[in-house]
Amino acid sequence: MVEALVWLGTWVFALSGALKGVEKGFDLLGVLVLATVTAVGGGSIRDVLVGTLPPRALTHEPLLWSVALVGLLTFRFHPRVQALERPLYYLDTLGLGLFAALGAERGISAGLGPFGVALAGALSGVGGGVLRDLLAGEVPVILYRAGDLYASAALLGAFVVYVLHPLSPEGALLAGSLATVFLRVFGRRLGLRLPTPRG
Amino acid sequence: MVEALVWLGTWVFALSGALKGVEKGFDLLGVLVLATVTAVGGGSIRDVLVGTLPPRALTHEPLLWSVALVGLLTFRFHPRVQALERPLYYLDTLGLGLFAALGAERGISAGLGPFGVALAGALSGVGGGVLRDLLAGEVPVILYRAGDLYASAALLGAFVVYVLHPLSPEGALLAGSLATVFLRVFGRRLGLRLPTPRG
Amino acid sequence: MVEALVWLGTWVFALSGALKGVEKGFDLLGVLVLATVTAVGGGSIRDVLVGTLPPRALTHEPLLWSVALVGLLTFRFHPRVQALERPLYYLDTLGLGLFAALGAERGISAGLGPFGVALAGALSGVGGGVLRDLLAGEVPVILYRAGDLYASAALLGAFVVYVLHPLSPEGALLAGSLATVFLRVFGRRLGLRLPTPRG
């Protein structure tokens, strides 16, 4: 079940990377690079930081090939993919919650404290998107989109995993993922916004 | 004593990251991300390169929380912080010298030669600022500010540590830090400039 | 022989980094940073990913000093260096092929599968150039130059190494390097282009 959701989340991230490449007018290789980096970049940064080398994604051949396939399909059928905005929003949120929670788990295994675990989780969730934006020549969207609680939702979810993990590892994973999803989705509904600097 | 200076230097770096985020109009999360990355990014890159995983900063909870607090205070009181330009210049220079010297020490422990040690030291001193600038969508300031000997001062300090370390590790740390501070401060007073390309 | 070609390839990469720094008007330090990062960045990223820490380049003092010298000479004599466009194109292609093939070999040693090996090889070949472009504030050229098969040539060469390695490690290295070189050079002659997104 978790495994199936990880594949799904990875594909949605690959798709978001490929779409960015299409939007930028990159060639096929550029689109596939952005798909791959967005899909496996966050988890790979986390693996480097906690010392899991090579990063797991780099040794997971079926996942890598499927990511390339998603990139190829997005390259070919991008107008239809872009039209799926609403379901993609929810799948992306699901992927974010799941990756943040799983990343937090790896941080706990590596002996990190609460702040470190929250960072490891958030990096797993948003690191691929940050690399995508940097490669595309843009300021990472997580740094300024006050009205969409994205990285903050991932931080919260990872923190929830840290707190609940001693009670039940599986329960913590579930609660952490849901915390991220709820904060993002209801934050949007309720119009929650992060503050921006005054003046 | 060294420990106290490391905390101080880390906070000044956090502050410089947070100010950049404020200047860019990032939201609270973006400001905190820039504060954290600037404060612990250089040392973390160095730790990854010399194989100290997870990077020490990621397991140093009190430091991480204090960095977030500095980011939060800068976010809230940024006009007053910006007014402290002169003392911040000196504290930043002190942090640079200290981090470069400590980074050089880690490079020596990892068995690097003189060039590698100078790189490890300079990366420790300026790596966080480079990440800050890249995330903010800017060309890293160390690459072109010919009139402010910053990264070159860090390189010199690290090299001094390498040369003096066999004689006295503590003395090398002190002399290296001071070499960086002197080169930056007196370089400015004397109007020293790095050359730029002709034509 | 391979060793001599590695030095040559590293110098050409250093030169391309230094030229980018000159073009951007960076100061001497910026030019040397770009030379170094371009020359040893790709191999270092690969070494981090496969867990060879510190990266080999960081411990290879003569290579590092020679890279700095190439950067210095390029800084001083850049108009003459720029005039060598044609031979530099071929030397750069040779370096690309060699680094991709050697990177693929390291990927095989680290136990990666075909996709992972192709990534490790391509990263070795193009990673330094990607870092160079990012530091210079530009979108990495490999992502959009449809008419110059560069990263795709490196991917193909690395894949050839993966396929032939069980038969003969030396033969695989040679065939992989040549595959990259041929695909780039003949791709240009034949006007091969990667597709770009429609619409």
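Yeah, the Cβs are placed from backbone N, Cα and C, and that goes for glycine too.
These features come from TrEMBL:
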type: DOMAIN; residues: A:6-76; note: domain 'Glycine transporter'
type: DOMAIN; residues: A:90-165; note: domain 'Glycine transporter'
type: TRANSMEM; residues: A:110-131; note: transmembrane segment
type: TRANSMEM; residues: A:143-165; note: transmembrane segment
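For the domain 'Glycine transporter' (A:6-76), the model's pLDDT averages out at 97.
Within the domain 'Glycine transporter' (A:6-76), the DSSP-based counts of helix, strand and coil residues read 61 helix, 0 strand, 10 coil. DSSP places the residues of the domain 'Glycine transporter' (A:90-165) in helix, strand and coil in these numbers: 59 helix, 0 strand, 17 coil.
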